[in-house]
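Data block below; observations after.
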Amino acid sequence: MFAKLAGRLQEAIDHLRGRGRITEEDLKATLREIRRALMDADVNLEVARAFVESVREKALGQKVLESLTPAEVVLATVYEALKEALGGEPRFPTLKNQNLWFLVGLQGSGKTTTAAKLALFYKGKGRRPLLVAADTQRPAAREQLRILGEKIGVPVLEVQDGESPESIRRRVEERARQEVRDLILVDTAGRLQIDEPLMAELARLKKALNPDEVLLVLDAMTGQEALSVAKAFDERVGVTGLILTKLDGDARGGAALSARHVTGKPIYFAGVSERPEGLEPFYPDRLASRILGMGDVATLAEKVRAAGLEAETPKSAKELTLEDFLKQMQNLKRLGSFSEILAMLPGVGKALPAGVQVDDKAIKRLEAIVLSMTPEERKDPRILNASRRKRIARGSGTSVQEINRFIKAFEETKALMKSLEKNKGRGLMGMFRR
């Protein structure tokens, strides 16, 4: 997430590490690098200037030039400035007994998939959502939402070609009443670009349905272009909040860091993967922490709890088998990509070079190796002689050399866990049982 920006900011601050004192020139050079990093990330010019000035004032106010740990002071001030730029305190849509929300945005922004993700998110919170495919011009858009609704177990009401806003309102109200639905999510019409017919259609639909929230879905990959889109939608239909999509891609960060300042609207959610569960509440403090390599244990702990993993009792290193390894890998896959998980661990994400991704395909190869073993072999890898290893290599589509490296790494991991157990640590999941 924002790998290039994160790397540049961390590099700028790291130049100050190990110094007992820094000069005013050192601070100026660091702030200059921070400003360049923001500009390269397509952050709005006004936002970048305000950001750097905020860091400068706070750093001087905390007497960074006199501090014995200047890098830590600058890191703290950059963190606070990042958090403020991203929105400060987290905000979310207000939920009532009955709720009707619009999702608006351009084609390709991820609006329709976001509608389904939002429905699944609130379904998990005990709400009874109803999706409304409200594009009266594009049957394919309605079909897409219908398919997504079936996958997540949420009903979809499809409007008819050319159906009037008043007719849509009556059918939505009737369906919600009949099925006792308390969260209506209306996936409105999308277009490749903003045009008058689109805005007029949205305005008519808004007048008829009177939504409680108008959520604008923005593609974070489009940078500052997303901000002009936000302004146009806000002027015509009155946006109440933002959802940023594709934050798991090669987004430079400009849209996320500029959106709150330029539009004045809070960012409610962020799309972090293509999976139906890939929508997260937007916490400015957590994202700021992740960008600066400080991790995000709070979000990771929530993912662990949501996946039902926290109640499992970890085994000691002595008892650990390849069967346990396979189960751990399958559990971790439920939390997201391995790169995403590592980025949430303090210090670990920072250790990864900018842009470097953990190869999930390599993890799948390890999984294939274990799946090609017999139950006895998984329990005791010491019985894996040459002929057994050749058989496993054929069955898993790997090589004997890969199997040898894997078994060696597994034994080394067990040895490391034994030393960790002396400090009462039992692996990743143990972090969330304190």
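Just so you know, glycine gets a Cβ as well, placed from its N, Cα and C.
Features as listed in TrEMBL:
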type	residues	note
BINDING	105-112, 187-191, 245-248	GTP binding site
DOMAIN	266-279	domain 'SRP54-type proteins GTP-binding'
Measuring CB to CB from G105 (GTP binding site), give everything in the same chain under 8 Å that is also at least six residues away in sequence.
K111, G190, L216, V217, L218, V229, F233
K111 (GTP binding site), number of other Cβ atoms within 10 Å:
26
State the count of C-beta atoms found within 10 angstroms of the C-beta of G108 (GTP binding site), not counting that atom itself.
13
R191 (GTP binding site) CB neighbourhood, other CB atoms within 10 A:
17
What kind of secondary structure is R191 (GTP binding site) part of, going by DSSP in three states?
coil
Taking only the residues in the domain 'SRP54-type proteins GTP-binding' (266-279), give me the average pLDDT of this model.
90
Let me know the most crowded of the binding-site residues, choosing from T188, L247 and counting other Cβ atoms within 10 Å.
T188
